[in-house]
Amino acid sequence: MEWASGEPGRGRQGQPLPWELRLGLLLSVLAATLAQAPSLDVPGCSRGSCYPATGDLLVGRADRLTASSTCGLHSPQPYCIVSHLQDEKKCFLCDSRRPFSARDNPNSHRIQNVVTSFAPQRRTAWWQSENGVPMVTIQLDLEAEFHFTHLIMTFKTFRPAAMLVERSADFGRTWHVYRYFSYDCGADFPGIPLAPPRRWDDVVCESRYSEIEPSTEGEVIYRVLDPAIPIPDPYSSRIQNLLKITNLRVNLTRLHTLGDNLLDPRREIREKYYYALYELVIRGNCFCYGHASQCAPAPGAPAHAEGMVHGACICKHNTRGLNCEQCQDFYQDLPWHPAEDGHTHACRKCECNGHTHSCHFDMAVYLASGNVSGGVCDGCQHNTAGRHCEFCRPFFYRDPTKDMRDPAVCRPCDCDPMGSQDGGRCDSHDDPVLGLVSGQCRCKEHVVGTRCQQCRDGFFGLSASDPRGCQRCQCNSRGTVPGSSPCDSSSGTCFCKRLVTGHGCDRCLPGHWGLSHDLLGCRPCDCDVGGALDPQCDEATGQCRCRQHMIGRRCEQVQPGYFRPFLDHLTWEAEAAQGQGLEVVERLVTNRETPSWTGPGFVRLREGQEVEFLVTSLPRAMDYDLLLRWEPQVPEQWAELELMVQRPGPVSAHSPCGHVLPKDDRIQGMLHPNTRFLVFPRPVCLEPGISYKLKLKLIGTGGRAQPETSYSGLLIDSLVLQPHVLVLEMFSGGDAAALERRTTFERYRCHEEGLMPSKAPLSETCAPLLISVSALIYNGALPCQCDPQGSLSSECSPHGGQCRCKPGVVGRRCDVCATGYYGFGPAGCQACQCSPDGALSALCEGTSGQCPCRPGAFGLRCDHCQRGQWGFPNCRPCVCNGRADECDTHTGACLGCRDYTGGEHCERCIAGFHGDPRLPYGGQCRPCPCPEGPGSQRHFATSCHRDGYSQQIVCQCREGYTGLRCEACAPGHFGDPSKPGGRCQLCECSGNIDPMDPDACDPHTGQCLRCLHNTEGPHCGYCKPGFHGQAARQSCHRCTCNLLGTDPRRCPSTDLCHCDPSTGQCPCLPHVQGLNCDHCAPNFWNFTSGRGCQPCACHPSRARGPTCNEFTGQCHCHAGFGGRTCSECQELYWGDPGLQCRACDCDPRGIDKPQCHRSTGHCSCRPGVSGVRCDQCARGFSGVFPACHPCHACFGDWDRVVQDLAARTRRLEQWAQELQQTGVLGAFESSFLNMQGKLGMVQAIMSARNASAASTAKLVEATEGLRHEIGKTTERLTQLEAELTAVQDENFNANHALSGLERDGLALNLTLRQLDQHLEILKHSNFLGAYDSIRHAHSQSTEAERRANASTFAVPSPVSNSADTRRRTEVLMGAQKENFNRQHLANQQALGRLSAHAHTLSLTGINELVCGAPGDAPCATSPCGGAGCRDEDGQPRCGGLGCSGAAATADLALGRARHTQAELQRALVEGGGILSRVSETRRQAEEAQQRAQAALDKANASRGQVEQANQELRELIQNVKDFLSQEGADPDSIEMVATRVLDISIPASPEQIQRLASEIAERVRSLADVDTILAHTMGDVRRAEQLLQDAHRARSRAEGERQKAETVQAALEEAQRAQGAAQGAIWGAVVDTQNTEQTLQRVQERMAGAEKSLNSAGERARQLDALLEALKLKRAGNSLAASTAEETAGSAQSRAREAEKQLREQVGDQYQTVRALAERKAEGVLAAQARAEQLRDEARDLLQAAQDKLQRLQELEGTYEENERALEGKAAQLDGLEARMRSVLQAINLQVQIYNTCQ
């Protein structure tokens, strides 16, 4: 098979291979041949690195070469060629099932065919891939590491369009790319840099080996190291890693095709495209890291393949391994390293002194040696050790007479293993520095000897287990006898002192402690005989073993919180004893005396009486002395007593008290005069855990009594069981210590501690004995047990256990109140403080503190009168006209006047009411109609009264109200008092209006309308603009600002200056000061400039100070300096004053001022003159100086042209310089950037408008036309500019002159103003003080006059110059007027044409995109508007409803966004409202819970009050009986009693009502013997008739109130919730019969839901009990009113039922009205509840039911029917109760009528 243009021996593009490449191939073959020669030692290996020869790595490794795709491997496969040859056959067959054979199988194209061979006609064999497979891999797997240098591939077909070469150095685990090859690198391998590479390790993509030509024998060559790239270090690890390979892979990724496969996917088309490779050459050599020059066949590799590059290195430099990658065994002294040029890096042999043949390398050792040696010897022999076997092993030492390499150099140590260190180890070698001697034994610390075989002195017991060898003699120096040997050398036993024992003399003998250097060594324990359990103690601390709660080393102290009981601790108070007829005598203790008794007091024991003491809780079984404490009643009193002990049973003979006989339990004693205690003559034996009764009987008594004094027995205080301590073992022992203790106890009479309650201070002798006694008796100390409420601390006195009590508290534990105190609690006890005037005794009840009161006295301390009385101790009834129940206890002034009354006796109406409530007149207090009554929201009067003449009510209006009924707002006030809740408020006008002016403020809003005192604002709270001050103080003054120093924006004129409204500070210009802005700040000047003051800027060293003249700015210069700031030379000089000043050299004929330029010396020339000295005519002027005249008018035109050309020339020069420096780009960078920006704008407009190419072209053409026209117009305008330039110059000069005149004029005006100001000052000042001002003003005026004359009359003067300039300007303008008009006309025509052309341009497309319509219609008819269209408000109109433009869309989006924002805001508001409602609901629920809990607490507290109230009621009934049955009970009194009884509120249950009704009926029936007192009632009957008339009038008023009752029917349910429907129904029937109007009002309260509650039964009961005497003042006429009340109640009850019916129909509509009315009724309900305080328990159930109804009504109105049923049930009960009450009232009326008819 032949390929087009294919010719052997040619490279790419058919060219012959270069001779260098051919020579390289030949050398490679030669090297491969030499590699197979016998091994010879190349001299280069001894001097540095050496490398094996290079060859073809494929030779001999055909079996390691694989391809991922080969044609015909499984079956024959046809393929075709692309050729222009004349051969007819173009398609062939591939059959690679068998290897290639030129004779037998020439069509086999396996991958092994590419291995180089020198067989003839080798082009007949090649490798070929399958048809149409673009991704093919050729891979070589080597058996070891090799150096890879380059690769040559010769293709039979087209070279691949894309391929890459990869390598692996770890046998295929990881791969790295060498090079990419592609016809189109950017498409096949994006992101890969393009060739050529810049560095030797760059991975690039190369295109020169991927072109489609040549079609055959094209080559691909790759070199790992490009010769053109310098390599800095060829031996570096990176270079070695780049060359090292174990696998090489060629990935063919894309085929070259002719494009027909894209159009025709048939198999025949794909048969032309495949990969075919003639030859593959992979050059390299064996990789040995420079340690070998030859290689041998690797294990498993063919050994005799011709030309094969073997893989197993024949290593040099003491290395080993397949690639010489390791050091040989025993050559590990240096780290392995690749060989380098000039350095072999050979592995070095380990130094082990001939004691081993094995070692290893240790990097840590190598680094520690400074990179010198890292070999560590392994398995040292001959008893050696160390890194180099240079030391002897432990327990061996080096023989100094032998060499280290001698096998017998190390000898064993000869040391006693028990006494030497480390079990017999010796020094291994000599080292004078370390003090080592070879073979020397190292003894333990306490061992000596050559072989360490004996102990040191003072030590014993040589042992191998002891780390120190021997033990020190364990002898305590404090317990050892000094001067002798410490211990036995063998046993270690020490020699001890007399009181010391133990093996080491380290312990004291029993009963001793404190081992020390004393002669005896220890001290006795000396434990307390009572406080310690035994005489033993701790040897170290001496601490004895203490009994319970005893502390101290000797147990002689009491633990804090515990105490040592006194000998009289076992005390039984007589007050607590039992006995018949015993009298307890309590006694108060004064602060100044010490009580001689215990407990509250005494028990009086008379002859023959017995008192029985119950004795329990004794501490131990022993004899007790019986001690009786008493107090005589008469002088020299004596008594005979008998004490009998009653035991619970017979005494056991084996018990401690088994020796007691029955006769021993009866003891008699005699009380002698002048004694306070008795010790019975014989003790008694008692045991713990048994209860005894000790009965004390008074047999007889006598004494020296006064004749009037009788014997009253004895006062017994207490009985004390005092332990008979002398029988204790501490006193009764036979030792000397016990005898000494007893002698001391008796000598110092220590037993007398328990005789009397008062304790004397203990002596130092008795105190320890008593502590020991008490510890023995009570087995230690007793706990304080201080009562936490009555004591100040939990600790008590250690002697006796008395706790620190709070005030008023007594007892050892502070657990009871002292006599005369009560109320034991956390604060202690309170003193009784019984009133000496009202109490029978100074002692009170211990719990409540109630003192025993005298008759008439009342209260806890009996210190005030009963309720309803005053004047303690002479109590008398309160006089309150029946309007109050209590009065001041001291003055008698009534408290809590009812029915709107007030005054000391409730004799007048309170504010807001009128009438005469005094009893003789019986009037009522009625509300003042101003315009409504008090309590309403429309009551605006302080008081009112009835006019005696007109009988009209006259209102005294509150401030701010006026009118007959105070129904309007007064002047100076606003509001609408006619509306509910409306009121008049003071117009807040800061006192700046006329309070009498009705139009001063708005009567509805309160806005101030007529502000005075230069104020303004809605409240006249601000000064007017131009005024300042405090508006609230009427002190607004006009702003007085200096115009020159004030900001003109804030002060346009003197009449309207805006200063600070509070301080009057004017808004000053910069650096202007003063309240009126009238002077410069310090160091500033030029106040008259009108722009603020300028800094003086005086030179710091050349001026005398920083200040300058306020008007001229001239600083005060030192001599030789001048200028305004003194920084220049002095006048008429110039130059640098620091160097030299020169005189000005100016021609006086040409200057306009004598001073030249201070820096340059240039003279200031007058117009038309120039030159340095001003001695020449200036440019544009002609003539001979000084006569200089202006040039012709044409000079200005040409001069403008010349100046313009000069400017352009300068710009061109600048551009040329920039071109030379930065090039074209730099010179025109700004232009380019400008053009780029405009192009970007054009592109944005084009893309935004989506303009077509045609429209764009038209726009461009139109733009060019406009640009051309504008250019022409610009040229014409330039000409006009040139013509006007001269005019402008002249005009400028004229303006300059006029500006000078203007400044002069301003200065003159300023001078005039200043003179005016000075004149004003002179008017108000003295003449002498103003003289200087006048003189200064005169000088200024003279100077001003001179300057004005110079400006007007001087030649030349500014005025004459201005006139000349004006004339020249007029001539010039007249001359150019015609040309100007002609040019102007031409410009107008050009602009017209441009305007017409502009009108032809259309923006309809843009208008349609933006606004939604083309915009060609007029704005008035255009639905969407457009450019130039405006709405009625003058705003641009674009878009709208139905318009789809961008503007409409944006408006729609904006509208939706705003709507969404509004919705979100509304949602937030609603959410906040919901949150607040939830919070309010939660708060109400918590309040309801609190109210319920409070109600429950009150119910529990009232439980006990009910029984007390019942008892009081029973007592009250009995008092009523007694009062009514006694003689002298008149009808008034009887009627008052009945009325008060009826006034009692009916209790909750019908049974209680029945019981009360029965009692009232019984009381009425019991009235008798009243005929005798009829004569006393005549006057009362007449008053009763008057009251009857009042009752009739009240009834008529009640009928008028019927309408009001109907209007409040809707409030029934809500009022029932507040007070309880049932409670209101029951209580509403029991009305107060005392007053008809009050009865009617309470019936109306029943209709409205119990608006006011009745007084409680218990309260009324106490009032009735206290006012029995006052009842006689009441009137019998009230009985008639009761009948009327009965009828009214019946009609009211029927109206209530009708209201209930209407309520069910209207409750839905009137719920809000009910709620409002209920809130107004709440105050009355609360007041009623306060008055019903004593009946809480009885009303609790009804109140709870009412609260339940309230909760259900708040939740839903669905429970309304249930409430209705409950109300009907209560109404039924009410009917029954009303029937019972009518029977009672009838009985009362019958009795009253009998009395009335008997007169």
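Glycine is no exception: its Cβ is also placed from the backbone N, Cα and C atoms.
Quantities reported herein were computed from a predicted structural model and do not represent experimental measurements.
The coiled coil annotation in Swiss-Prot covers 1257-1304, 1473-1527, 1577-1791, and the record cites sequence analysis as its basis. What Swiss-Prot records for 1681-1692 is compositional bias 'Low complexity'. The disulfide bond feature in Swiss-Prot is assigned to Cys315-Cys324, Cys380-Cys389, Cys413-Cys426, Cys527-Cys544, Cys832-Cys844, Cys853-Cys862, Cys928-Cys944, Cys930-Cys955, Cys969-Cys984, Cys1023-Cys1036, Cys1068-Cys1077, Cys1080-Cys1093 (among others). If you look up Swiss-Prot, you'll see 46-285 marked as domain 'Laminin N-terminal'. Summarising the annotation, Swiss-Prot assigns domain 'Laminin EGF-like 4' to 473-524 and lists sequence analysis as the type of evidence. For 928-986, the entry in Swiss-Prot reads domain 'Laminin EGF-like 9', with the evidence type sequence analysis. Taken from Swiss-Prot, the feature region 'Domain II' applies to 1191-1410. Feature annotation from Swiss-Prot assigns region 'Disordered' to 1339-1365, 1679-1701. What Swiss-Prot lists as region 'Domain alpha' is 1411-1443. What Swiss-Prot lists as region 'Domain I' is 1444-1799. Among the features that Swiss-Prot reports, signal peptide is placed at 1-35.
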Restricting to the same chain and to sequence separations of six or more, state which residues have a Cβ under 8 Å from that of Cys389 (disulfide bond).
Cys352, Asn353, His355, Thr356, Cys377, Cys380, Gln381
Same-chain residues at least 6 apart in sequence whose Cβ lies under 8 Å from Cys544 (disulfide bond):
Cys525, Cys527, Asp528, Gly531, Ala532, Leu533, Pro535, Gln536, Cys537, Asp538, Arg553, Arg554, Cys555
Could you tell me the mean pLDDT the prediction assigns to the coiled coil (1257-1304)?
66
For the domain 'Laminin EGF-like 9' (928-986), the number of residues DSSP places in helix, strand and coil:
0 helix, 23 strand, 36 coil
Looking at the disulfide-bonded residues listed here (Cys324, Cys413, Cys944, Cys955, Cys1077), whose Cα lies nearest to that of Cys844 (disulfide bond)?
Cys944
Distance, Cys1077 (disulfide bond) to Cys1036 (disulfide bond) (CA atoms, angstrom):
19
Three-state secondary structure of Cys413 (disulfide bond) from DSSP?
coil
What is the total of other Cβ atoms whose distance to the Cβ of Cys527 (disulfide bond) is within 10 Å?
24
Take the C-alpha atoms of Cys928 (disulfide bond) and Cys955 (disulfide bond) and report the distance between them in angstrom, rounded.
7
Tell me, by DSSP, whether Cys527 (disulfide bond) is helix, strand or coil?
coil
Cα of Cys413 (disulfide bond) to Cα of Cys324 (disulfide bond): how many Å, rounded?
47
Nearest of the disulfide-bonded residues to Cys1077 (disulfide bond) by CA-CA distance, picking from Cys315, Cys832, Cys853, Cys862, Cys930?
Cys930
Compare the Cα of Cys853 (disulfide bond) against each of the disulfide-bonded residues Cys324, Cys426, Cys1023 and report the nearest.
Cys1023
Identify, in sequence order, the residues in the chain of Cys862 (disulfide bond) that are 6 or more apart from it along the sequence and have a CB within less than 8 Å of its CB; answer 'none' if there are none.
Cys834, Ser835, Gly838, Ala839, Cys851, Pro852, Cys853, Arg854
If one looks at the chain holding Cys832 (disulfide bond), which residues at least 6 apart in sequence have a CB under 8 angstroms from its CB?
Gly820, Tyr821, Tyr822, Ala842, Leu843, Cys844, Gly849, Cys851, Arg861
Here's one to test understanding: among the disulfide-bonded residues Cys315, Cys324, Cys944, Cys1093, whose C-alpha is closest in space to the C-alpha of Cys984 (disulfide bond)?
Cys944
Measuring Cα to Cα, how many Å separate Cys315 (disulfide bond) from Cys1068 (disulfide bond)?
102
For Cys944 (disulfide bond), which of the listed disulfide-bonded residues (Cys930, Cys955, Cys1023) have their CA atom within 10 A of its CA?
Cys930, Cys955
Using Cys324 (disulfide bond) as the reference point, find which of the disulfide-bonded residues Cys955, Cys1023, Cys1080 has the shortest Cα-to-Cα distance to it.
Cys1080
Just how many other Cβ atoms lie inside 10 Å of the Cβ on Cys413 (disulfide bond)?
23
Can you tell me whether DSSP puts Cys324 (disulfide bond) in helix, strand or coil?
coil
